[in-house]
Amino acid sequence: MAIKMIPFSVCILCLSLNFRLAVAVCNIPSIYHGDWYSQEAGVDVKTNVAFDKWRRDSVPQEQLECISIYTHPQQSSIIGGMNSSMVNTTMLMGIFGETDVNKCYYCIDVLYRTPNIIQYKRQDCIRLNSGKPITIDKSCRGITEGLPTMDNAITMFRRSVVKLNCITTIEGVYQFSYEVGGPTSLGGICNEPRSRIEACQDPGSAYVDNRMFLMNYAKCRDVSTSVDQQIRYQCMGAWYAVKNNVGYTFAAVADTVEADERERFKCMMTLKDQKDPNNQVRWVMSRFPSCTSLNSIYDGDRKLVLTRVIPTTNYLPPQCVLPRNMSGTWFTQGQQFKSDVFINETHIAYKTKINEFELLETYYSCQQTQGTRYMMTRVTAGRCEVDFVCFDLVGKPSRLSDEDTGNFMVKKFRETCSWMSFTYNRDEYHLPE
């Protein structure tokens, strides 16, 4: 029987092709690329993610090469589609440059949260001499058991922050109380009226105001952990995730002037529809760049209780008086909600109960008058807008013309209270008898 000889060069080519298929380099999604900061077991870690490499620049330095990647089915976000482009993956990676049989392989699960936040979990070293073939679908628990949760994932903050609008994180004007420290804190709660959050958006603006919010801490004399400090935070995005079987809204922020990255980045957590009987909103904030210390809206490094307040404006003090026969307590039924109306000589206050736990408070302040027409400033507790509204008070029922303004500083009385406003009848409203 004749034996057919295979040329030696062909054998080398076959072996080379088989080897390259086993360690084929994969492409890491571009949304992961960049320089990242994380805190792992109390150690500051800087990581660079590139086309096919995952490199740890901190000691001990390490460079992993992507061998295989699995993209998990895309999930829809509960928060207005903010995570609609998220890509969660499991990657099989090996230490770059090692080729011997004792080479370590790692499975890394990555959760995409926002353009500035990813979370990951790394599986322990897997070696070829374990007796089992190493494949991503059989060796990586992210595929066989599921992706990690908020409880066991490490949060990575993008060091060069991508500019994002704050509207998905926080919006409005609030006074807040704060307590520093975890459940065993002995510092106490500081509730000072000067502690305020101002997160106001200017629709369509290209300026930084839409990407940042101001947080002013005021000191309480009897609380040792309180401080006088003003911090401007840049929003890094928000996402929805489950923690301890409860779905929370998480957000990340960056101090705009802090150079120490351990102090610069913070994680925040709140709960939608908290149903607080006092119409307040609870947040917790981390001490360091980690989300694992936030366990509930009552358990975190820094506990915040936000109360909606009216925005600061020079147009709130009254400049005229209303008809005296209008003073008193009124009741009205709108298209959706009922309101209690309180009127005195200079102000009108609407208190509208949206549901059992939410109360909408709107205040009008008399600014100018001409005949039966009264131009009034309108502000709503917890909202940034300052508008001009015109009442035409002629007997009963009375008429209301509403003129919202983008820049109320330049609105004139004749514009807001022109008869044309009433002719168009944009927002007709009837006060009760």
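Don't overthink the numbers, they just go from 1 along the chain as shown.
Glycine is no exception: its Cβ is also placed from the backbone N, Cα and C atoms.
Features as listed in TrEMBL:
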- 1-24: signal peptide (SIGNAL)
- 25-129: domain 'DUF7044' (DOMAIN)
- 165-307: domain 'DUF7042' (DOMAIN)
- 318-423: domain 'DUF7043' (DOMAIN)
For the domain 'DUF7042' (165-307), residues assigned helix / strand / coil by DSSP: 11 helix, 71 strand, 61 coil
Secondary structure composition of the domain 'DUF7044' (25-129) [DSSP: H/G/I, E/B, coil]: 5 helix, 54 strand, 46 coil
For the domain 'DUF7043' (318-423), the mean pLDDT of the predicted model: 77
